[in-house]
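Since the structure comes first, as structure tokens, the remarks are kept for the end.
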Amino acid sequence: MPDLPLGDLLELDRRHVWHPYGPMPGRQEPLVVESASGVRLRLADGSGELIDGMSSWWSAIHGYNHPVLNEAVRGQLGRMSHVMFGGLTHEPAVALAKRLVDISPEGLEHVFLTDSGSVSVEVAVKMCLQHWRSLGRPEKRRMLTWRGGYHGDTWQPMSVCDPKGGMHELWQGALPVQVFADAPPAAYEEAYADHLRELIERHAGELAAVIVEPVVQGAGGMRFHSPAYLRVLREACDAHDVLLVFDEIATGFGRTGALFAADHAGVTPDVMCVGKAMTGGYLTMAATLCTSRVADGISRGEVPVLAHGPTFMGNPLAAAVAGASIDLLLGQDWPTEVKRIETGLREGLAEAEALPGVREVRVLGAIGVVQLEHPVDMEAATRAAVREGVWLRPFRDLIYTMPPFITGDDDVAQVARAVCAAAREG
Ligand SMILES: *Cc1c(COP(=O)(O)O)cnc(C)c1O
């Protein structure tokens, strides 16, 4: 069906195709994208192009149709698009794992490649629980996290998402019951640090690990917090025999101004998840990294293996483009680019602070957030942004952007104008 008329395509989409967090049949009319290049999405209805203020959910950091990434996929495609990873291995996966070990916080040595962020969190939880099980402490099987988090949509990740107002409230009672701390305040407060220490100490006997998104909580509310809390977590976890997991799926690869958000605090977690921007937004792949301590624990068990092995584990196409994307990032002065976008967003979003109905404007790295005092009128906000030539996807009371790192100054200004327009009309 190469030339499906637009009306038919939309009708088939509505009737048969599930979209993220959507009902069936669909109620909202999605925009049909025909192609994408640089920072722009070209719409199929002939209405022109939109700047992508979302980087396709944090992932397309180098923009679309990038010649270097295209070539990485094309080159790999000519050799093999996939082979199983059980009993076989290949250069793209090994080279990617080596890069991840080299650039991630010191001490993370081992890499488990998965096909999505949610699965990388499942693997992280499995690693932590199995570590304690192997050491004869199976009662250490709960996770602790702070409220306001988001870790994905499969079962274990849902159990550590914010239990209130998030997308997974429906599942309370069915999910594993985890331990929740209050949401982290933006600035460092000793009383909150004590709250974390106290909870970890009180539950240490049953805790396998603490899992958090470092510095920026993404889809759970776009909140920022002091990196100093990461050091508090590290110390408390060490003191009470609890592992520490950082979910860097949204924050990794430069988004917050550091290569990994953990770098803001100089902390190494025991386990770290990366995804989203890892492949430059080209293909679906994520990874779970761990220290030798975690791997050794698992190896000492009665079942000395990690019993996980996705069919498409280590997919060569995804691994090749991930390697190319990381090289592309490190081969440029990315901190300056992210800083430039941060400055542009700060300037452009300043006017939103004075708008009626705006609670707070916050910017960190290449992330800009306008939080309203009321739930966003999604349709009105989206329409306002599209009228300004920008694609945004607000949720709850939040209008936000994390544009590709290649977004030029004029385009950053346009994105900021669209965020302000969406805040005014949404
Ligand atoms: C997006 C996200 C996930 C889930 O990743 P998927 O690839 O969508 O499964 C997990 N954790 C964080 C912090 C995320 O932003």
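If you go along the chain as it appears here, the first residue is 1 and each next one adds 1.
Backbone N, Cα and C atoms are what each Cβ position is placed from, and that goes for glycine too.
According to TrEMBL, the feature substrate binding site maps to Trp57, Tyr150, Lys276, Gly309, Arg393. Taking a C-beta cut-off of under 8 Å and a sequence gap of six or more, Lys276 (substrate binding site) has these contacts in its own chain: Trp57, Trp58, Ser59, Gly117, Ile249, Ala250, Gly252, Phe253, Ala286.
Annotation source TrEMBL lists pyridoxal 5'-phosphate binding site at Gly117, Ser118, Asp247, Pro310, Thr311. Taking Cβ-Cβ distances under 8 Å and a sequence separation of 6 or more, the neighbours of Asp247 (pyridoxal 5'-phosphate binding site) in its chain are Val121, Ala124, Gly149, His151, Ile211, Val212, Glu213, Pro214, Met272, Cys273. DSSP assigns Asp247 (pyridoxal 5'-phosphate binding site) to a strand in the three-state reduction.
The N6-(pyridoxal phosphate)lysine annotation in TrEMBL covers Lys276.
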Do you know which of the binding-site residues Ser118, Thr311 has the most other C-beta atoms within 10 angstroms of its C-beta?
Ser118
Please check each of the binding-site residues Gly117, Asp247, Pro310, Thr311 and report the ones with a CB atom less than 6 Å from an atom of ligand 1, ordered along the sequence.
Gly117, Asp247
I'd like the number of other C-beta atoms within 10 A of the C-beta of Pro310 (pyridoxal 5'-phosphate binding site), please.
15
Give the sequence-ordered list of residues that share a chain with Gly309 (substrate binding site), lie 6 or more positions from it, and have CB atoms under 8 Å from its CB.
Phe85, Gly86
Spatially, and counting Cα to Cα, which of the binding-site residues is closest to Arg393 (substrate binding site)? Options: Ser118, Pro310, Thr311.
Ser118
CB neighbours of Trp57 (substrate binding site) within 10 A?
16
With every protein chain in view, how many other Cβ atoms are within 10 Å of the Cβ of Gly117 (pyridoxal 5'-phosphate binding site)?
30
